[in-house]
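*Asks:* According to TrEMBL:
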{"type": "DOMAIN", "residues": "5-43", "note": "domain 'Sphingolipid delta4-desaturase N-terminal'"}
{"type": "TRANSMEM", "residues": "43-61", "note": "transmembrane segment"}
{"type": "TRANSMEM", "residues": "68-87", "note": "transmembrane segment"}
{"type": "TRANSMEM", "residues": "107-124", "note": "transmembrane segment"}
{"type": "TRANSMEM", "residues": "187-204", "note": "transmembrane segment"}
{"type": "TRANSMEM", "residues": "210-231", "note": "transmembrane segment"}
Amino acid sequence: MGNRVTRGDFEWVYTEQPHTRRRKEILAKYPEIKTLMGPDPHLKWIVSGMVFMQFLACYLVKDLSWKWIFFWAYAFGGCINHSLTLAIHDISHNVAFGNKQTKWNRWFAVFANLPVGIPYSASFKKYHIDHHRYLGGDSLDVDIPTDFEGWFFCTPLRKLLWLFLQPLFYSLRPLYVNPKAVTQMEIFNAFVQFSVDLIIYYLWGLKPVVYLIAGTILCLGFHPISGHFIAEHYMFLKGYETYSYYGPLNWLTFNVGYHMEHHDFPSIPGCRLPMVKKIAAEYYDNLPHHQSWVRVLWDFIFDDTIGPYSRVKRLYKLEKAN
């Protein structure tokens, strides 16, 4: 990883991100990897089924008591919604309809967003490009916690609170770290989302709307699936800034656990990332990876050496100036 200099409590590095070099080496050795790039023909049908499953759930929960609304929001609906946010992640890389149909991908992401209850897809796309292009970039990669988060959420209890509040920080951090102008697609995303929310409220009342939004907030916060937020880039071992997870929760999350592979080849859909690992096994088998997202959350909370500051940061002066 090169020489490191401590500035604050982040791990500052002055080398390029490892994914650029590894991508070049793998493609040179295994050019057949390129055949894995391109759209996933099944993604649009899987996502559509999940969206309509949540609309059916809205009808089924409309007469439940509030305690059961929140129970099913956490145990079922939120899991579907979290999975849909990860489908939106895949769609942001144009893997639903391909790079030649970018508008179809953007519109389909808005459709996938509907059960989430809160407009998300257009803003995510706008910032996620920077996360790949400027991984760890100071004031560019809004996936990096702020100095306040690193300073304040440093004890087990505070880190637990930070995990519960992750949806809030992920929503507000871009506005503070790297504010960008509101786009037409974001306005469209919000208009469609709030219109559907109002239609659900008109048809079935408040409880289904709360079911959707509460599920999103709860399951993007402290939840086993949310272990991927910490597992992906928090530095559990010095010198390693991206980690994969190869366990069963990948079945629910469009293989987001294959995160080293994803950053190496972001244009390959999640369904084909296991094939990347299989083809280029010698590049991945010896890299550290996580066995359990639940264990990741446990270690994050109770290990004094891990916290919001456990991230690699870089300076991208030329890119930032442009």
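Every residue gets a Cβ built from N, Cα and C, even glycine.
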*Asks:* Name the range, of those listed as 43-61, 187-204, 210-231, that has the largest tally of Cβ pairs under 8 Å with the transmembrane segment (107-124).
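*Replies:* Stretch with the highest Cβ contact count: 187-204.
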*Asks:* What else in the chain is close to the transmembrane segment (187-204), if you only count residues 6 or more beyond its ends and a Cβ gap under 8 Å?
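*Replies:* Residues 55, 58-59, 62, 110, 113-114, 116-123, 212 contact the transmembrane segment (187-204) from elsewhere in the chain.
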